[in-house]
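Visitor: Below are the structure tokens for one structure; questions will follow.
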Amino acid sequence: MSALFGDNLLHRPRRELAPGAVWVPGWLTLEQQRWLADRFREWAAGPVPIRSAKVRGHEMSVKTVCLGWHWRPYEYTREAVDVNGNRVLDFPDWMVRLGRKALAEATGDPQAGEAYTPDTALVNYYDDQARMGMHQDKDERSLAPVVSLSIGDTCRFRFGNTENRNKPYQDIDLASGDLFVFGGPSRLAYHGVMKLLPGTAPEGCGLDRGRINITMRVTGLP
Ligand SMILES: O=C(O)CCC(=O)C(=O)O
Ligand SMILES: [Fe+2]
């Protein structure tokens, strides 16, 4: 019953938080969420296992596995030089198509979608305690939009301004199946994950505990 009439089937309108920053609640169906959660478990196993990246010597509370390019602060490489030296998995063709669909949906512009070719994804896993401090996504050379998908527990996501980590910012609750896109004038806005809301994952989303977040990006690297 909760799966049949789950939140993802209720119409929740898209919301533009700032020019270029669009939230589309309930964009992925439960079936799509489950399928992505299964892919996540495969990616997490390697060839480069999921790990907490180190920022200035400190492990992040979030665990990350990458596709296409391996990210570590503050650089992309093909090989995971800070993990086991293995080459990361290729960026899947289906994910390029998913990214295009997502951008078309968020912008309402099919042509913007078609022009988008993400070549890396950072796939994050948050446990109950994990969070992510306010930061800009600025290790990419391209200013193409970032496309973010959430699965599992809801999180409190903070979307700020392009100047600094402080106010003004807006807090929204990103739930399982939600799409969030930031591009254009919002591409370099500070953002972060303040906390998880444990126990909020909908039945049938493919994840009992914690939260998966996939962010697709264009590195602009050759
Ligand atoms: O988990 C999220 O929603 C955001 C993740 C993020 O900002 C990042 O990976 O750079
Ligand atoms: Fe980010």
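Placement of Cβ uses the backbone N, Cα and C atoms for every residue, glycine included.
Any TrEMBL annotation is an automated prediction that lacks curation.
Keep in mind it's a predicted model, so treat the numbers as computed, not measured.
So TrEMBL has the following annotated:
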BINDING   H135, D137, H191  Fe cation binding site
DOMAIN    117-220  domain 'Fe2OG dioxygenase'
Visitor: Taking 8 Å from the centroid of the Cβ atoms of H135, D137, H191 as the cut-off, which other residues in that chain fall inside it around the Fe cation site?
Guide: M132, M134, Q136, K138, A189, Y190, G192
Visitor: Looking only at DSSP and grouping its letters into three states, which state does D137 (Fe cation binding site) belong to?
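Guide: DSSP assigns D137 (Fe cation binding site) to coil.
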Visitor: Restricting to the domain 'Fe2OG dioxygenase' (117-220), what is the model's mean pLDDT?
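Guide: On average, pLDDT over the domain 'Fe2OG dioxygenase' (117-220) sits at 98.
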Visitor: With an 8 Å cut-off on Cβ-Cβ distance and a minimum sequence separation of at least 6, pull the same-chain contacts of D137 (Fe cation binding site), or say none.
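Guide: Long-range Cβ contacts: V146, R187, L188, H191, T215, R217.
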Visitor: Per DSSP, how many helix, strand and coil residues does the domain 'Fe2OG dioxygenase' (117-220) have?
Guide: 3 helix, 47 strand, 54 coil
Visitor: For the binding-site residues H135, H191, which one has its C-beta crowded by the most other C-beta atoms within 10 angstroms?
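Guide: Sorting the candidates by Cβ neighbours within 10 Å, the top entry is H191.
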